[in-house]
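Participant: Just dropping this structure here.
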Amino acid sequence: MPSSNLVGNRERQFVVVIGFSLTLYLTDITWEVRANSRHFHKHRRRRSFLCFRWGRYADNVVRSFKYSPLTFLPLTLYEQFQRAANLYFLLMVVMQCVPAISSIPWYTTTIPLVIVLSVRGLKDLANDLVRSLTHPPITFSPSQWKDVCVGDVLRIHKDQIIPADLLLLCSSEPHSLCYVETADIDGETNLKYRQALDATHTEMTSDPTEQTLAAFNGIVLCEEPNSRLYTFRGELHWRGERHPLDSEHILLRGTVLRNTDTAFGMAIYTGSDSKILRNVGQLRVKRTQIEKVLNKVVIGVMLFLLLMALLLAVGSGVFQGRVSSQIEVLSALTRGNSPIYTAFLTYWSYVILLSPAMPMSLYITFEMIHVLHSLFIGWDVEMRGGVERSIPAQARNTSLNEELGQVGHLLSDKTGTLTQNRLLFRQFDLSWNPFSCGGLYLSDQRLVDKLRGQQCTQSRQFLTTLALCHTVMTEWRNGAPVYQAASPDEEALVGAARELGWVFLSRTRDSLTVSELGVKRHYQLLTLLDFTSQRRRMSVLVREPEGGLKLYCKGADIVILERLQKDCPHLESTERALDLFAQSCLRTLCIAERTVSEAKWEEWSKTMAQAAMTTRNHDDMLEQLHDDMERDLKLLGVTAIEDRLQDGVPETISLLRQAGLKVWVLTGDKKETAVNIGYACRLLDPDTRLLEGDELRSNIFTHTHRRKHTDTQRHTFPAGEKSALVLTGPELVNIHYRSKDLENLLIQEPEWGARFMSLAGLCQSVLCCRVTPGQKADVVTLVRKNTASITMAIGDGANDVNMIKTAHIGVGLAGVEGGQAVQNADYALAKFSFLQRLLLVHGRWSYRRIAVFLRYFLYKTCSFALVHIWFGFFNGFSAQSLYENWFIILYTVFYTAMPVECLGIFEQDVSAECSLSWPELYKVGQRQELFNTWLLAATLLHALYTSLVLFFMPLGVFYNSALDYQTMAVTVSIASLFSIILLTRHWTKWSVAAMCVSFGLFFVCTPITHSPKLFEKSPVDYYFPGTHLTSTTNAFPSPVVWFTALLTAWTAVLPSFTILMFDLFSDFPQVHITKHGPVELQKSGFRRGDSHRRSSYAMSQGRGIGRLITSGASRRITFPPVDRRGTLGDNVTLAGQTQSDDAPKNITENGSSK
Amino acid sequence: MKEELETANRPDNTAFTQQRLPAWQPMLSAGIVIPGFVLIGLAFIGIGVALFIASQNITVLEKDYTGVEITSDCYKCSNPSDKNCTCKLDFSLSNLFEGPVFFYYGLSNYFQSQRSYGVSKDDYQLSGDLDYFKTPISACSPYQYDANQNPIVPCGSLANSMFNDTFKLYQIVNGTKKLVPFDGKGIAWWTDYNIKYRNPSVTPLKNAFNGTVKPPFWSKPAYELDTSDPSNNGFVNQDFLVWMRRAALPDFRKLYRRITEGDYASGLPAGNYSLEIGYNYPVLSFGGRKKVVFSNVSWMGGKNQFLGIAYLVVGSLCVVMSTVMLIVYAKFKFPEDD
């Protein structure tokens, strides 16, 4: 057939061109998959040993554990010595083993290092064990999955989870369409369709036997595995032809096949190569701001110590040259070393001697306190949610607690996070009905009775509209229809109609079947004018069973009200109802109908057919035609849908706003929905001005252009007013440059981000609508880059994973959508409202505790170690320790650890209740008032002062006296211990006990390490025998020692006490003002005439799926489908039903129970 | 796994897990803080006064005998080449020097706290382990072996540099010298005498030292340190023990003798005294000083004015601070009054 040949040729040319362009621009298409050739792929399978990997193709087994008995030790050591601190301590150990420089023996550092390494290692091991025991749902896979190899052709049945990234070859549906639910990937509950290539479709469906599939020998060349969920580039080489592939041909692992009996696909990416697992990725190591400051300070302290060691070393060189050369006793000891060499050795000795200023126990205690704080979060009874409070809050990342007390920006997902993702048909207003003025609750039994009893045509029509005007598809399960809708709103409306007796049964391409109060009626569907975001309405034109054409229409109030017949009655009462509904933050829709004459329809459909042929101004013409049909409407009523908020959301948001947090909402939903929810959850006040679109754009410009003249800027930007930014994903991209993605934009134009953020800083909130998961993460990045504040992202679905991982802190709601968010989150909560406690109580406490703990810890170690600097001047800079070795070890581990730990665990400045009722207290953390470089510098200065006091006060007493070195060592030890304990502020019975235990330990351990027995065993290690409390000995009973220690300690802490007091007094008035300031949860009053709040008709995100329905591409689901699962031999087993099936039931049950 | 879930599901409601432990926080209000400061200040002043008075009651007589000045009798001995030089130091007491009188020698600018000096000893050897008599540990180097590879006992710089001036105190009564008896017993730490340092259990002690040499600076071997008392020899010699107990600071005293016997049990009566010094120990080469100190003690030990004064200063500082605090507090509390 020449004609078909021609077509084939043309196609081939076309394909070649595309292939050329692909190879030209996309050089990374290197991933090769050969269908049905296991042999080819098997020996390229990826294997790994320790951290080495080779091979290309991952197998489909996803391991959730990291260690095996053999690899644990090397792996954990490898990981741990990647931390600079551990390496540093290892270096110390090595240095201490060199006799020439070892100023304190090797075990002073080795013992703590071994403890640290083993504790960390065991912790990692435990985490790993837990992970391998509790498979996250995404890695849960039936046993057959592991056999899937790249290139295999798989058969997927309805409701099965797709086990690998597949190229769709064909399906049982017409045009090889198939539907997938992507809830686990992007959190969207509506169905998406995928379509196979024409080439494979025609070939495979013509003879869909297993042989054809087994013989399929196409080769897919595509990009390397990556994390981009929405793009795919590649080509299929088959039978000498090249077919370009894109994401529409790909079924992603983790999605669920719906409404499609069978689909056949070829595995392209398996296991860890699959897009979803690439997306899960490694949990990025998050470091808190405090940690960063701490690290800076640690480095600063280190440098200071090194400098001091250098100066002291110079001192020792000079001492040897000038002083000890004169003293025969000492000069003999230099063994002929030159002063410079001595100085060199002394340098290292001092580095070792001063190293306890930065002890390892800091890190281990820090970690321990983190873990305990995390446990507190899990233990908190008031943060348990779910049925019978069975779901505790969970801190999955144990090292971010203090940052919970510093959050400045909360970026929240909407669906499922702020709202329950359960729409309730709450009220409707039948405007002609005198009884329904102001709207009736759906639960009102009178209404139900009235509707059922009354034969009022208008109310019937109202319900008929609800049952007919939609794009919902039904599926029969257990003898009842289950609705699958593109938008939850539609589902709610159809469900409501069902509750009131108008049961939508099924649809075909051109008909709808509805049971009206038990009477089954078939409507012929003439046309469906689908919803778009511009039109904001949808209509169906049907032929009634009795004959006669009706147009049923539903849409946003503004759109519908302007299309009504002239002198339409009840307009005023409808307006009133709309206002009322809007006030209670219900989403409203106007329902209208129109009787259309056959002649009109014929003429219209003709014009429509013509319009379809023309290509020029196609859209405009269609628009006009639609307009032509949807006019002279008769208003039937108004529906009100409640997008149910989660419990306590408005209170939480208002509390968080008082605490100084900026709450942003990032949602994939429509702008109207988002704004509506914004009002409902008190994110926006009723008088908040919304800046959107062009106004926003111009504001960003003026704002920055006049940034230098702040006075004029105040005029252009209404700073006095409350305002909020509303922008959509596309706007986000296009707002300045027409760049492809936001990330590029921000990279290219970093100033833009700064401009935007400075504008956003003046606003009370920002709503980002219609944003993709990627854009959500970009917004987080934007905030992170341009502000210093800590960002927290909260979400519940897989579409929030990106954002959760990008933010400083990610919170996942343990909710309905798969639990992916939780898997990637740092914290898991059962409810949004638990953020109150998480941030204001746990976060604030954690921040306070950790900040105070770290300062206290640095103070105690530095003050204790820096004494050696001063002592150097009195021992010829010889790196002589002023303490006994064992005191150095036990000081941080035993004697002072417990008071410090108690502080880090129990410190509470105010109770939980106070924290919640005075949210302003939270701002302390946002402003980093408790832990910043200056405070740390002050702490270190205090430590320096203390070390001076610790040394020179005893010096004054001991100078020119008969008291010896050992006595002085003990005195200084006691003094430093005293001063640490005097600084304890929060006294619980635990901290008192800890203090007593610490003291007790000191008085128990000291005699032990000073005991004659141990001295006899090893005189080098226990060289201080004889410090007993018993009368036969010298140091302890001496009153001079005690008086000196007491005085020294008090003098050491005196400045800190004084500053504390002055702080207290100067803060006094303000603290009390803020504390007693009335804290009111604003009740949002509604203002009339605010048009924003009414027209909040929200449908699915994109275009409706009406095109598919009417084109007949969709299979009719008119009868309960036969379950054919059992009859077919599977290579893929049933992977279980998802919970989302129950969703429609919930809605209807709820509706009826009200 | 299941068990874990069950425990997780059980709300654990203790004061600890819910962080509701009863706590007492020092209510840092002015009403407590200011009086608190005053009280602490007063307490410190009280202690300071007590310490100061105790210190004032202690009599101290300190005499430098280094011999730097030509007028000093010991000037002649300051030449290090002069061996076995004796000089004397005369002084007179106008009142009774109340007893018991402690007699110290003091050194200044002497770095006993130097690290390599401090570790230059062999604890095993000093605890009487004969193995270490043969082979002292290397920390003793360069006083480990002498030029002929004989082990030095006691080895090390610390022992080698033992203070070896000798003192004899005479009261001049009617022109005749009357020896003031010194008590050299029990001046060392109990643990030093009983545990840290021990002679090898060899009798006579001299035999233990066969094959070893005395430290180069010593004039007598260790087993002949005290010819008058055989039990006061070897490593348990009191003077040796006192010396081996290192001082922390470069200026220090060490107890030499106590005057507790005979006519002098109640103290040194008024009169003229002459201290006869066997001047052996060289300090002038490095600018050191030697001195002798007579002192009596109180409940708080030796004379120590610093501590009392420091207490007084810190105590007063607290009181001053609380006054300032009171003013500041008043300013903030009643700002309208200004």
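Think of each number as a place in line: the chain as shown, counted from 1.
Here the Cβ of each residue, glycine as well, is placed from N, Cα and C on the backbone.
On a predicted model such as this, the values are computed, not experimentally measured, just so you know.
Sharing the feature lines straight out of TrEMBL:
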ACT_SITE  A:Asp413  active site, 4-aspartylphosphate intermediate
BINDING   A:Asp413, A:Lys414, A:Thr415, A:Glu490, A:Phe531, A:Lys554, A:Arg587, A:Thr667, A:Gly668, A:Asp669, A:Arg770, A:Lys776, A:Asn799, A:Asp800  ATP binding site
BINDING   A:Asp413, A:Thr415, A:Asp796, A:Asp800  Mg(2+) binding site
COMPBIAS  A:1134-1154  compositional bias 'Polar residues'
DOMAIN    A:47-109  domain 'P-type ATPase N-terminal'
DOMAIN    A:822-1062  domain 'P-type ATPase C-terminal'
REGION    A:1120-1154  region 'Disordered'
TRANSMEM  A:12-31  transmembrane segment
TRANSMEM  A:297-319  transmembrane segment
TRANSMEM  A:340-357  transmembrane segment
TRANSMEM  A:853-874  transmembrane segment
TRANSMEM  A:886-906  transmembrane segment
TRANSMEM  A:933-959  transmembrane segment
TRANSMEM  A:965-983  transmembrane segment
TRANSMEM  A:990-1009  transmembrane segment
TRANSMEM  A:1040-1065  transmembrane segment
Participant: Of A:Asp413, A:Asp796, A:Asp800, which is closest to A:Arg587 (ATP binding site) if I measure between C-alpha atoms? They're all recorded positions.
Facilitator: A:Asp413
Participant: Other than its close neighbours in sequence, what residues sit by the transmembrane segment (A:990-1009), given a CB gap under 8 Å and a spacing of at least six beyond its ends?
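Facilitator: Cβ under 8 Å, 6 or more out: 884, 886-887, 890, 894-899, 901-903, 905-906, 970, 974, 977, 981, 984, 1022, 1024, 1027-1029.
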Participant: For the transmembrane segment (A:965-983), name the stretch out of A:297-319, A:340-357, A:853-874, A:933-959, A:1040-1065 with the most CB-CB pairs under 8 Å.
Facilitator: A:1040-1065
Participant: Sort out the residues at least 6 away from either end of the transmembrane segment (A:933-959), same chain, that have Cβ-Cβ distances under 8 Å to it, and list them.
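Facilitator: Those are 293, 296-297, 301, 855, 858-860, 862-867, 869-871, 874, 882, 967-968, 971-972, 975-976, 979, 1040, 1044, 1047-1048, 1051-1053, 1055-1056, in sequence order.
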Participant: Once the DSSP letters are reduced so that anything not helix or strand counts as coil, what is A:Asn799 (ATP binding site)?
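Facilitator: DSSP assigns A:Asn799 (ATP binding site) to helix.
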Participant: What residues in the same chain, six or more past the boundaries of the transmembrane segment (A:340-357), come closer than 8 Å to it by Cβ-Cβ distance?
Facilitator: 92, 95-96, 98, 100-104, 108-109, 301, 305-306, 308-310, 312-314, 316-317, 320, 334, 861-862, 864-866, 868-869, 872, 877-879, 881, 888, 891-892
Participant: Other than its close neighbours in sequence, what residues sit by the transmembrane segment (A:853-874), given a CB gap under 8 Å and a spacing of at least six beyond its ends?
Facilitator: 290, 294, 297, 301, 308, 312, 315-316, 350, 353-359, 362, 365-366, 369, 880-882, 891-892, 896, 900, 903-904, 907, 931, 935-936, 939-940, 942-944, 946-948, 950-952, 955, 972, 976, 979-980, 983, 1052
Participant: If I take every residue in the domain 'P-type ATPase N-terminal' (A:47-109) and average their pLDDT values, what number comes out?
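Facilitator: Value for the domain 'P-type ATPase N-terminal' (A:47-109), mean pLDDT as a whole number: 76.
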Participant: Fill in the CA-CA distance, A:Asp413 (active site, 4-aspartylphosphate intermediate) to A:Arg770 (ATP binding site), as an integer in Å.
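Facilitator: The Cα atom of A:Asp413 (active site, 4-aspartylphosphate intermediate) is 11 Å away from the Cα atom of A:Arg770 (ATP binding site).
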Participant: Hey, what's the Cβ neighbour count for A:Asp796 (Mg(2+) binding site) at 10 Å?
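Facilitator: The answer is 32.
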Participant: Using all protein chains shown, find which of the binding-site residues A:Thr415, A:Asn799 scores highest when you count other CB atoms within 10 A of its CB.
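Facilitator: In terms of Cβ crowding, the pick is A:Asn799.
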Participant: Using all protein chains shown, find which of the recorded positions A:Asp413, A:Phe531, A:Arg770, A:Asp800 scores highest when you count other CB atoms within 10 A of its CB.
Facilitator: A:Asp800
Participant: Do me a favour and check the Cα-Cα span between A:Thr415 (ATP binding site) and A:Asp796 (Mg(2+) binding site); whole Å is fine.
Facilitator: 8
Participant: Given the binding-site residues A:Phe531, A:Gly668, A:Arg770, state which is nearest to A:Asp800 (Mg(2+) binding site) when distance is taken between Cα atoms.
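Facilitator: Going through A:Phe531, A:Gly668, A:Arg770 one by one, the Cα closest to that of A:Asp800 (Mg(2+) binding site) is A:Gly668.
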Participant: Between A:Phe531 (ATP binding site) and A:Asp796 (Mg(2+) binding site), what is the CA-CA distance rounded to a whole number of Å?
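Facilitator: It is 28 Å, counting Cα to Cα.
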Participant: Hey, does DSSP put A:Thr415 (ATP binding site) in a helix, a strand, or just coil?
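Facilitator: Assignment for A:Thr415 (ATP binding site) reads coil.
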Participant: What does DSSP say about A:Phe531 (ATP binding site): helix, strand or coil?
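Facilitator: DSSP call for A:Phe531 (ATP binding site): coil, neither helix nor strand.
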Participant: Mind giving me a neighbour count for A:Gly668 (ATP binding site)? Other Cβ atoms within 10 Å of its Cβ, every protein chain shown.
Facilitator: 25
